[in-house]
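Under the heading compositional bias 'Acidic residues', Swiss-Prot lists 298-313. Here Swiss-Prot flags Cys60-Cys83, Cys63-Cys85, Cys68-Cys86, Cys74-Cys89, Cys97-Cys115, Cys109-Cys133, Cys142-Cys175, Cys200-Cys260 as disulfide bond, drawing on sequence analysis. The domain 'IGFBP N-terminal' feature in Swiss-Prot is assigned to 56-136. What Swiss-Prot lists as domain 'Kazal-like' is 127-177. What Swiss-Prot lists as domain 'Ig-like C2-type' is 179-276. Summarising the annotation, Swiss-Prot assigns N-linked glycosylation site to Asn166, Asn190, Asn284 and lists sequence analysis as the type of evidence. Annotated region 'Disordered' per Swiss-Prot: 290-313, in sequence order. Annotated signal peptide per Swiss-Prot: 1-37, in sequence order.
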Amino acid sequence: MPRVFTGLPANYAAPTLALSLLLPLLLVVWTQLPVSARPSTGPDYLRRGWLRLLAEGEGCAPCRPEECAAPRGCLAGRVRDACGCCWECANLEGQLCDLDPSANFYGRCGEQLECRLDAGGDLSRGEVPEPLCVCRSQRPLCGSDGRTYAQICRLQEAARARLDANLTVVHPGPCESEPQILSQPHNIWNVTGQDVIFGCEVFAYPMASIEWRKDGLDIQLPGDDPHISVQFRGGPQKFEVTGWLQIQALRPSDEGTYRCLARNALGQAEASATLTVLTPEQLNATGFSQLQSRSLFPEEEEEAESEELGDYY
């Protein structure tokens, strides 16, 4: 007499049957989504969240490495997927990750990275710390391209993004460099009696000193002029220094070209900006629309901010 199993309910269906019914439903939902809501065709790590949601509830099939798709655009390296079979892109620095090694929703951090709770939020306002990938080392490094990188993780990202550059570590610590002006002073105009400020941000190693000068004067500002002041501070990043020149209660004689000069033992760099001073009568007679070309130049600001992309920070 055949053996009868009575421990399962009559309407029990095998998991594979449930999945076979669920997948067509997911396909219908997918086709109804707007294009903007679908995952992009970018690097694999950008699509992984969608793939995990679609695969939720599925078990691991027998591992067939020859059927695995090759991951691409993996700037943080590769890790095995939840089933330990195929390779997938590891998470980058700053991306969400799984604190529990047995979990696999957000994904695993890449080479030289570890998953830590981000304590930078404001807990008093109810912000919940999030697990993020953090580089194990925070020591700056000098790359073979002559650039200084904040730590090994940034250098490895750059190396994987530019494979033909053969980027390697030359030595720990920053590269020795003559001053590089990261943020230049900008041309500006204002009315007599008002205040203006020029700023200048410099990266260098050894550290640079900054001074301000005005064309036509042989002295370093502020000199003995009580309505001109200068200020300096370190930062905003390592091996950077920022200087400001403030002119209070503008006078017509303040008009001219001002220069930020940065020096260290390896060399110097400079950047200039023009100050135009108008009287109220000139402003009314000229009209603001005609002065826009002599105001701040957005194109110069964008160029200054993009000059050192990829370097250090």
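Each residue's number is its place along the chain shown, starting with 1.
Placed from the backbone N, Cα and C atoms, the Cβ positions cover glycine too.
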Distance [Cα-Cα, Å, rounded] between Cys74 (disulfide bond) and Cys109 (disulfide bond): 11
Three-class DSSP secondary structure - Asn284 (N-linked glycosylation site): helix
Of the recorded positions listed as Cys63, Cys68, Cys89, Cys133, Asn166, the one whose CA lies nearest the CA of Asn284 (N-linked glycosylation site): Cys133
Secondary structure composition of the domain 'Kazal-like' (127-177) [DSSP: H/G/I, E/B, coil]: 13 helix, 15 strand, 23 coil
Residue among recorded positions Cys68, Cys85, Asn166, Cys175, Cys260 with Cα closest to the Cα of Asn190 (N-linked glycosylation site): Cys260
Three-state secondary structure, which DSSP defines for Cys260 (disulfide bond): strand
In sequence order, the recorded positions (Cys109, Cys115, Asn166, Cys175, Cys200, Cys260) whose C-alpha falls within 10 A of Cys63 (disulfide bond): none
Between Cys200 (disulfide bond) and Cys97 (disulfide bond): CA-CA distance (Å): 38
Site with most surrounding Cβ atoms, counting all protein chains shown within 10 Å, from the disulfide-bonded residues Cys86, Cys97, Cys200: Cys200
Cβ neighbours of Cys60 (disulfide bond) where a neighbour is any other Cβ within 10 Å: 10
Within 10 angstroms of Cys60 (disulfide bond), Cα basis - disulfide-bonded residues out of Cys85, Cys133, Cys260: Cys85
